[in-house]
Amino acid sequence: MDLGLAGRRALVTGAGKGIGRSTVLALKAAGAQVVAVSRTREDLDDLVRECPGVEPVCVDLADWEATEQALSNVGPADLLVNNAAVALLQPFLEVTKEACVTSFNVNLRAVIQVSQIVAKGMIARGVPGAIVNVSSQASQRALTNHTVYCSTKGALYMLTKMMALELGPHKIRVNAVNPTVVMTPMGRTNWSDPHKAKAMLDRIPLGKFAEVENVVDTILFLLSNRSGMTTGSTLPVDGGFLAT
């Protein structure tokens, strides 16, 4: 299926590893131009070696001023994938100020800032666009030791709807994806304990975790005109976890 992404320009945050990196590669394979944003220079260098033509931007999205400066000169974008996130796991009674500040800065505030920059460019050019926020099943289910992470993703759930409401008149669609555990290299490591994995798998009707391509395919669909009447939605990629 041709998603019509060829020739369009996309910006992807959290592009150095995992879902973000795979999204960059898939967009390039579909013919899009891609700006890849990561805080880790080594990851960007490796990505450019694998996929020449990707435009790398190295910046820590937790730093508002640095982000403003770094993204002010990247040029116009038709598509945006807000994928960058941190997961600092602490039980409620042990949540620290540092965990709150870092998590909300990256998981929520940066989404607002980057989306503002990109959306203002779309509006100034008078072109339609699409934004996909990579959220989590944790946005709608309480998970032990995920107090701050669940809270930031819950806020992102409503932010997605607000962005859709206010950007819709400018022909900018905004949606989110809610993956379950995803088998990125980090995901495979973090969920390698069979007992830990079983506790989560028992809550997933399909009985398996998501592969990276399951999430990436959903992101590309939401970026494409094939989902042209879809905005303000959050699409689970969770094997039925949220149905239980």
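Cβ coordinates are placed from backbone N, Cα and C, and glycine is handled just like the others.
These come from Swiss-Prot:
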type: MOD_RES; residues: M1; note: N-acetylmethionine
type: BINDING; residues: 11-39; note: NADP(+) binding site
type: MOD_RES; residues: R21; note: omega-N-methylarginine
type: BINDING; residues: S136; note: substrate binding site
type: ACT_SITE; residues: Y149; note: active site, proton acceptor
type: ACT_SITE; residues: K153; note: active site
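Close to A15 (NADP(+) binding site), meaning Cα to Cα within 10 A, are the following recorded positions out of M1, R21, S136, K153: R21. In sequence order, K153 are the recorded positions from L11, T23, L27, V35, K153 with a C-alpha within 10 Å of the C-alpha of the residue listed as 'substrate binding site'. Looking only at the recorded positions M1, L11, the densest Cβ neighbourhood within 10 Å occurs at L11.
Nearest by CA distance to G31 (NADP(+) binding site), out of the recorded positions M1, R21, Y149, K153, is M1. Geometry remark: L11 (NADP(+) binding site) versus the residue listed as 'N-acetylmethionine', CA distance 22 Å. Closest by Cα distance to R39 (NADP(+) binding site), from the recorded positions M1, R21, Y149, K153, is R21.
Ranking the binding-site residues I19, T23, V35 by the distance of their Cα atoms from the Cα of the residue listed as 'active site, proton acceptor' places I19 first. Rounded to a whole number, the C-alpha distance linking V35 (NADP(+) binding site) with the residue listed as 'omega-N-methylarginine' is 11 angstrom. Long-range C-beta contacts of K153 (active site), restricted to its own chain and to partners at least six residues apart, with a cutoff below 8 Å, comprise N107, S135, S136, A138, S139.
Secondary structure at Y149 (active site, proton acceptor), as computed by DSSP, is helix. Secondary structure at V35 (NADP(+) binding site), as computed by DSSP, is strand. Taking I19, T23, L27 as the binding-site residues under consideration, the smallest Cα distance to M1 (N-acetylmethionine) is found for L27.
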